[in-house]
Amino acid sequence: MIDLKALRENPDVGRASQRSRGEDPELVDRLLDADARHRALLTSFEQQRAEQKELSRAVGKAAPQDRPAVLAHAKSRAEQVKSAEADADRARAELDALLSRMPNIVADGVPPGGEDDYVVLRHEGTPRDFAAEGFTPRDHLELGERLRAIDTERGAKVSGARFFYLTGLGARLELALLNAAIDKALTAGFTPVITPTLVKPEIMAGTGFLGAHAEEVYRIEKDDLYLVGTSEVALAGYHANEIVDLSDGPLRYAGWSACYRREAGSHGKDTRGIIRVHQFHKVEMFSYARLEDAAVEHERLLAWEEELLRLVELPYRVIDTAAGDLGSSAARKFDCEAWLPTQERYLELTSTSNCTSFQARRLGTRERLEDGSTRPVATLNGTLATTRWIVTILENHQNPDGSVRVPAGLQPYLGGLTELRAS
């Protein structure tokens, strides 16, 4: 949820943010009008309630002959107060409905535009020249099947399209990746957490995942619970309605969880293999930070992501995501995309978002200041490793015979294996 006070003071910032996202800037004006109506009606209700209390006291002090008239007046005022409260509640509901549609304010410097308007910040590593090496690279699914590591046919048989099994070397490779990610997180001072994958509606809504992209989320209607698409959701809810201590710096958690996504808007995209699937595993970084420290913490999360990409020796690029491609909670997002040889394109492997106070304001997560007051904190998140990395590791490190070289940084997590080769 955005800061209404800040929006009242500088509505042009909100309008500019909406335009950069490709959203309706008039939402800001409708929101401010609803806010003004609510505040006026709330003030009227509170004034009438105070007068009602005075009348109640007056009843007890009234002379016997005056008491019936005073009682009638008090009864009439009670009805007016009840009506005024209902008016204020309706205005609050209208305001809340508009607030739920208003995304976070985009940070300064974020490129405007949509999905294709990102800015490339840098390239790291050089893609292999397979033609110069004298062979045509196989895609990750062919490699995975030859290694008996990926089984999409049985995944589809058991669960439907976009499901799969990781078996043998595939399962070991994923566990190696995720354990390497946890070790990286521990070294960086994160507390590892195995999170719930089912959350309440208020937690899912508080993180911003029930807005425009609600169709991407699995819901268990009988229990009114949602399956998370990232442990970010559970970690954001971890300190909901709490005051956290940030006096020693950010609170950092690394969540390991299964993740579930409906991919409702992805019909026909990445249908081969395990690039875009309904279920996968991920280690997610999550930080609670002071607002003034959030931008620096965002750069730290990005740096830790890049360290892990270098550990597995992938050529990649870093992009500054355009405003129209940000989630509703994010003020800024950096993506790391690794080179995918068989498709000759970059594939997103990590993203890290600075959500400023947007999620914490909705979820009631605050810090106490020196003067005793409280304020919302900033929340940030970033992918450290996920199942999708297997795609790029197999393709970038393949040998002509279909075996796959294990990057040196992963070898300790695979029992010293230097190659993945079908037994």
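From the backbone N, Cα and C atoms, a Cβ is placed for every residue, glycine too.
These figures come from a predicted structure and were not determined experimentally.
Residues Thr230, Ser231, Glu232, Glu284 are recorded by Swiss-Prot as L-serine binders, and the candidate that the same record lists for that site, out of Thr136, Thr374, Thr383, is Thr383. Residues of the same chain lying 6 or more positions beyond the ends of the compositional bias 'Basic and acidic residues' (1-12) and with a Cβ under 8 Å from any Cβ of it are 28-29, 31-32, 35, 99, 102, 104-105, 357-358, 361-362. Cα to Cα, Thr230 (L-serine binding site) and Leu349 (ATP binding site) are separated by 14 Å.
Each of the binding-site residues Arg261, Arg262 was scored by the other Cβ atoms within 10 Å of its Cβ; the lowest score goes to Arg262. Across the annotated binding residues for ATP (Arg261, Arg262, Glu263, Val277, Glu348, Leu349, Thr350, Ser351), the two most widely spaced Cα atoms sit 19 Å apart. Overall, the recorded L-serine-binding residues Thr230, Ser231, Glu232, Glu284, Thr383 cover a maximum inter-Cα distance of 10 Å.
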